[in-house]
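> For reference, Swiss-Prot lists these features for the protein:
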type	residues	note
DISULFID	Cys96-Cys187	disulfide bond
CARBOHYD	Asn4	N-linked glycosylation site
TOPO_DOM	1-23	topological domain 'Extracellular'
TOPO_DOM	50-60	topological domain 'Cytoplasmic'
TOPO_DOM	88-96	topological domain 'Extracellular'
TOPO_DOM	120-138	topological domain 'Cytoplasmic'
TOPO_DOM	165-191	topological domain 'Extracellular'
TOPO_DOM	217-269	topological domain 'Cytoplasmic'
TOPO_DOM	298-311	topological domain 'Extracellular'
TOPO_DOM	334-459	topological domain 'Cytoplasmic'
TRANSMEM	24-49	transmembrane segment
TRANSMEM	61-87	transmembrane segment
TRANSMEM	97-119	transmembrane segment
TRANSMEM	139-164	transmembrane segment
TRANSMEM	192-216	transmembrane segment
TRANSMEM	270-297	transmembrane segment
TRANSMEM	312-333	transmembrane segment
Amino acid sequence: MAQNFSTVGDGKQMLLERDSSKRVLTGCFLSLLIFTTLLGNTLVCVAVTKFRHLRSKVTNFFVISLAISDLLVAILVMPWKAATEIMGFWPFGEFCNIWVAFDIMCSTASILNLCVISVDRYWAISSPFRYERKMTPKVACLMISVAWTLSVLISFIPVQLNWHKAQTASYVELNGTYAGDLPPDNCDSSLNRTYAISSSLISFYIPVAIMIVTYTRIYRIAQKQIRRISALERAAESAQNRHSSMGNSLSMESECSFKMSFKRETKVLKTLSVIMGVFVCCWLPFFILNCMVPFCEADDTTDFPCISSTTFDVFVWFGWANSSLNPIIYAFNADFRKAFSILLGCHRLCPGNSAIEIVSINNTGAPLSNPSCQYQPKSHIPKEGNHSSSYVIPHSILCQEEELQKKDGFGGEMEVGLVNNAMEKVSPAISGNFDSDAAVTLETINPITQNGQHKSMSC
């Protein structure tokens, strides 16, 4: 008998040690997730606050709003749930309802800001001239205000009035505990059917439908522009070859042009796929479960609910993890990368960022291709004679307001346009990105007129 008690005691000790190790690992992982979310979104906020050329771009208003919502997720939502996961109970008492409201508000604000960004990018690409006239800071602030107001309305009002709680068998009941018998250290976040469906529609399903439509149309516009540019490239190469009596290479260059066009389209598709794929993979499982849980009914033949609490919690964290990835996807273009490197002091360690950089200008005034250069001036730099010359450009100019003319994007720079030279050429911004493995971004695709010329944008 004593041996049996000893065996039972050893078994309990092993279970306690295993549970303790599991909690330590969970705590380390969740702490790392919270830290990366805080770091990434704080860097975005500080960069926009510190550098005026980032504040001056209206499209960055939406990025900073997204960063603020994700920062609030990391401050007001994630730490409290992480403490509960580690301790095994809710230690914050009456703060439960406020925390639930913060959870719904911050997560909804993050998703709605992603939706607003997709609409902004689509408007900028589909109607660039109207966008330049209409998209003022006031309009941007109005769009952001609508997103935040909607987030507050579907969170604090229903939660504080207890409209969100299930009146029948709740998720907690399905796990073997009835709402009336809940201990004070348990935070019941179960939702009733009406609120679960309506809030999921506003917070996720409608925004994700809008994002799918806008990004699909963005891809089609980009595809059309890329094919037009490819046709202009082939026409220019054909004219040059006829002029130089090198017609034998036409077929080879035509095949190369088709391959380049396909490569460009593939990179655009990859960029948009990453944007939508990360968002859907993080949030879709949670919102499917969020709509299923209120319809789960207790089964008399088994003690298990249709969805376990562990499964539900895992996908809750999947959704919050999206807040740590958003800064990488939406604020990792060239402008933000330079700002981040300055804030973190990395620009002093990077060998490519010298104090003075030499940029060669050919006899047409356009910059010569040089992959080692971190800064390439626009083609408006004045010509000096008929020979190529070198301009000495201080590296500090990269951080000044003259850089406002550089294009913004999702994860790199892509500017689809033409440079008027001796003949029509693809701009270095395209060839520099598409020929390398750098990420492709879509912010502005300049429209092509009927005669094949790109219109210039006026501020």
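Even glycines carry a Cβ here, placed using N, Cα and C.
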> Including all protein chains shown, what's the count of other C-beta atoms within 10 A of the C-beta of Cys96 (disulfide bond)?
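Taking every protein chain into account, the count is 19.
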> Taking 10 A as the limit, how many CB atoms besides its own sit near the CB of Cys187 (disulfide bond)?
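A 10 Å sphere around the Cβ of Cys187 (disulfide bond) contains 21 other Cβ atoms.
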> Can you find at least 3 Cβ pairs under 8 Å between the transmembrane segment (312-333) and the transmembrane segment (61-87), where each pair is 6 or more residues apart in sequence?
yes
> What average pLDDT does the predicted model assign to the topological domain 'Cytoplasmic' (334-459)?
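A mean pLDDT of 45 is what the predicted model shows over the topological domain 'Cytoplasmic' (334-459).
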> Quick check on the topological domain 'Cytoplasmic' (120-138): DSSP residue counts for helix, strand, coil, in that order please.
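Counting residues by DSSP class gives 16 helix, 0 strand, 3 coil.
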> Across the topological domain 'Extracellular' (88-96), what are the DSSP residue counts per state (helix, strand, coil)?
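In the topological domain 'Extracellular' (88-96), the DSSP-based counts are 4 helix, 0 strand, 5 coil.
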